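Among the features that Swiss-Prot reports, signal peptide is placed at 1-19. What Swiss-Prot records for 33-221 is domain 'GH11'. Swiss-Prot lists Glu117 with the feature active site, nucleophile, giving sequence analysis as the kind of evidence. Sequence annotations record features per position, and here Swiss-Prot assigns active site, proton donor to Glu208.
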Amino acid sequence: MVSFSSLVLALSTVAGVLAAPGSEQYVELAKRQLTSSQTGTNNGYFYSFWTDGGGKVTYNNGNGGQYQVDWTNCGNFVAGKGWNPGSERTVTYSGSWESSGNGYLSVYGWMTNPLVEYYIVESYGSYDPSTGATHLGTVESDGGTYNIYKTTRTNAPSIQGTATFDQYWSVRTSHRVSGTVTTKNHFDAWKKAGLKLGNFDYMIVATEGYQSSGSATLTVS
C-alpha cells in the first residue's frame, strides 16, 4: 500500500534546541525521525516509510537493522527496514510489536512484471488480513503453518503510482514477533498454487497500521 509521493525529512524538532547543551544529540535524533513518506538507506539497510498522513505516526531508524515506529489513531502507514532489491533470502527479525487494532507485522515487498504486492504475515492485530481473500492452500515453514491467499487491488497506490495489481499472502496461524522467515518456501508455494511471480523490487520487515494505535521496535537481519 505504498505510494512515495512526499519525500520530506522531519526536522521541525531541531528548531529551538541548537543553542541548548547537548544540542548535537537533538539534531541527530531529528535527522533519524520521520513523520512523512520517505525511502532511503540507513546503516547498510534499505528503509521505507509511507503514510497517508492520517493521525500521528513517527518512524525512527536505529543502529544496524533496527527501527522503531509509534502510531496513534493513524490512517494507513507501512514502515520498515530490509533490502532493495529483495531476493529469496532467509530473513531474521526480533523485538517487540503491538497494535491495539488493525495492524500487521510481515515480511513485505513488491515485484514488477507483473506488479505484485506481497505479505508474509507473522502477526496481526484485531483484523484478520485474510478476510474476503481467496484461499489457495497452506505452506509449512519455519515451525509454523501459513495459509496462502490472493486478493486484487483496483486503482490503488503502488510503487508504480495508482494501479490495479494482485496481492499474495502467507498468513501464519500462530502469531509471533521474532523468528526466521525462509522466504523461498513461500515463493515456491505461491508458484505451486498458480501465482505468477515477477522481478524483485524492495523487501522489508514491515509494520503496517490502519486506523489503529501501537508501537514496534524491531531488528532485522
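Glycine residues also receive a Cβ, built from the backbone N, Cα and C atoms like all the rest.
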Q. Here the active-site residues are Glu117, Glu208; which one has the lowest number of other Cβ atoms no more than 10 Å from its Cβ?
A. Glu117
(Q) What does the structure give for the C-alpha distance between Glu208 (active site, proton donor) and Glu117 (active site, nucleophile)? Integer Å is fine. (A) 13
Q. Three-state secondary structure of the residue listed as 'active site, nucleophile' from DSSP?
A. strand
**Q.** Mean per-residue pLDDT computed across the domain 'GH11' (33-221)
**A.** 98
Q.
So, three-state DSSP: helix, strand or coil for the residue listed as 'active site, proton donor'?
A. strand
